[in-house]
Structure formats: structure tokens, C-alpha cells
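Heads up, here are the entries from TrEMBL:
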type	residues	note
DOMAIN	42-135	domain 'HPt'
MOD_RES	H81	phosphohistidine
Amino acid sequence: MAAGRAHHGRMETATQPEDLARVAGVRARLADLVEPAPSPAEVALVLRLLRSFAAKAPLAADELVRLMHAGDPGPVRDHAHSLKGSAANIGAVELAELCSQVEDAARGGVVTGPGRIADRLLAVTGGTVRAVRALTLEYERLV
């Protein structure tokens, strides 16, 4: 189940315990979306969903952190809400919950200090993307 990609000379894999839990969460959500033996159209849909998330989530997380540093609650709230929705759509519960915390604080006019929460957001996003890439490889084998 380990999947990887080269990143700065090392291989990223979904073999850490938290990454495996993330794989399970995304897999459970995909099971809600497609049949156990998915049709070619379902496989194509899942692959588009997974690839889109893997491409866009890191950029969205980086932008959210940038906005947190800027300190304006409105854009932080909106961006956290958007990333939360993307994460929830694929079953990335941990990332969705973290974004929800940031969104709720910003809705109350508070931008959480970007230190620890930003580091956690980037780490969880990275782990979620590793999980999504592992599942992308599984679905690519069905094509």
C-alpha cells in the first residue's frame, strides 16, 4: 500500500501510521462514492477527484498559512472553509477538522497565531496528499 514520489531527493511514502489512517479515511469516503468493483467511468471520476486534490491542496494550505500570517480574519475564514470542504469531500477528516478550527476562530474575528497551527496544517496536508497519492496509484491499476 505504500506509494511514493521523489521530493528533494527522497521518497515520500504513505507508510507512517497517521498516513495509513488517512488512507483508510479517504478509502472509506471513496467506498461511499463508487461500487466495490467500480466502472471505468467511476474510476475516471475518482482519479480526477484524487489528482485534483493532490495538486491543489498543498497550494491551498500554503495560501491559508500566508493569509494567517497577514492576520485578516475574513480571507482566513473563507480560505479555511474552502480547504475544509475539499478535504471533507475526499474523506480527509483530520484536515477538515483542522480547517474547521481555523475557520471558526476567524469567524469570531481571531486569526490563530500561525506558528504551531500553521505547522500542523502543513504537516496534515502533506500526510493527506501522501495518502491520496497512494490511493491514486491503486485506482490507476484499475484502468
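Here the Cβ of each residue, glycine as well, is placed from N, Cα and C on the backbone.
I'd like to know what surrounds each of these features in this structure.
Residue counts for the domain 'HPt' (42-135) under DSSP, split into helix (H, G, I), strand (E, B) and coil, are 84 helix, 0 strand, 10 coil.
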In sequence order, which residues at least six apart in the same chain have a CB under 8 Å from the CB of H81 (phosphohistidine)?
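Within the chain, H81 (phosphohistidine) has Cβ neighbours under 8 Å at C99, E103.
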